[in-house]
């Protein structure tokens, strides 16, 4: 994850609060005794709004986008229309600390130092309720049935729509840990969880669809201590009463803690220590991430469970408010010195692929391993940010901020999806690429480590590494294919200190792959050109434009595919390219299946091989056409191949086709005969006769 600053502005006064218009087009800023309305697309100040006589502490927009409200130290609340016109004003006896609109009924809650009020357009007056302590923050549940109030004395009071207290959460620390910000998780995942609970009884085999949490088997070493705690806490957090509601409240206090509570007042998990005074907490629209800002002069991104993932933007003063633009990855930040910053968060794809196994990061802390053929999935839960992933044969490496975990499969079964921890390297590494082999970890720029973390060798490159992959070999002696920014392509063996230069081209390498027999090399360069070389002679065999990635067919030496410009291109030998529409990047090609990555999703695309087969037939290359047909063509294509081979006097190929069809026919007859016998036996068991 990285944050890109989109625009920034500077007001003369402290920014205590901000609110987005629900459609995301406008940003309302509380600055001094004014409201500033910005265009979120470019940071243009649309209009300043005057109406308050003292500092504006809070602002909130109604979910329907028709009006917004502001509260001030002048003890007044002003209701504004979406046309930026003030239409109503009411007062409290003390300065207004926070305001919040009910997400469904649009009832407005306004909280002061001594009471809170509830108002809706159909009411003639504001319903006010006294409190025992100063209210610092408030938040409605997703269905608008309950309002949570955060108090200066460290108490959370949960009220119904009429203002009656239903739950009182007295927290450790009390008045020494005043609550400064609270927010309900907007996600509906808890309701989804319980709606699926009944379905699991009907679908015993829902295991693969639901992406199971990886559970350790007896005697396994699957979990480190941290991971074990994860699993235990997950079971605890799911231990709800079915009659109980499923809302989760995030609470940030000046005891420097972040905590989570159910609506019943029961705490979920343990307190998260922050090491700074939090001034604001808010969720992403779908509830998957949390934003926190405060005395540490920065905005930090956390998981929904409170695991810190990274810094969004460092500021020069305290951060008093930060919110996410609705249904987007844009974040607005307001600071003590009047700075208003608008960031775009960019979440990169962290993944690894080896043949038909694809591992990718999910929710920033988990890893999901997917079998692309069987569609089986398994989740490995974590409690830290996943920075890099590498997968090779039965090995899986996951890099976290302070360690690398190496997993292995339980068995050599090709369908096995259960991993256990093999080794742990507790050390911080700064690298752009990570590769795992049978017995080693490769970090770039290129350093070879054993699984115990000992550096065994290092290679010095002339330029930055742009691409690296394992191309196989005996355990402990695997080969690596490396592409550099200066156009150089090398082969490295993990047990040899000397790198072998395969060739050097004038353009930077973006992607590369080697054919199954190691005789040909395909390279995609920075000009989006796919170039294919003979490795031994260094001769350029052919080149094709509009390519962003390339992969050789692992079962056919002379066939490759490349993607680019919204098309999948399949090329056999030196024949013309066959095209079909496809979005994404090609990352693998095995038989008739092409593995394609589109945004964050990996899929296996079944591609008929008829076109390249007929290209070989036209040139009377019957043996090659037969090899292509074996990858997957229609019955009509097989018959055409047999007839063409007979006419071309290629009897060996025609005989193979005939034998294949004979086998299939006999196998079909055997299956039908077997079914008949079983059916007759079944009838006899029921007391029927098989004949007259």
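Counting starts with 1 at the first residue shown.
The backbone N, Cα and C atoms fix where each Cβ goes, glycine too.
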The residue range that TrEMBL labels region 'Disordered', out of 158-177, 178-197, 198-217, 218-237, is 218-237
Positions on the same chain near the repeat 'WD' (49-80), where near means CB under 8 A and six or more residues out:
13-14, 16-23, 28-37, 86-101, 103-104, 106, 108, 110, 112, 117, 119
So what pLDDT does the domain 'IFT122 first beta-propeller' (2-346) average out to?
84
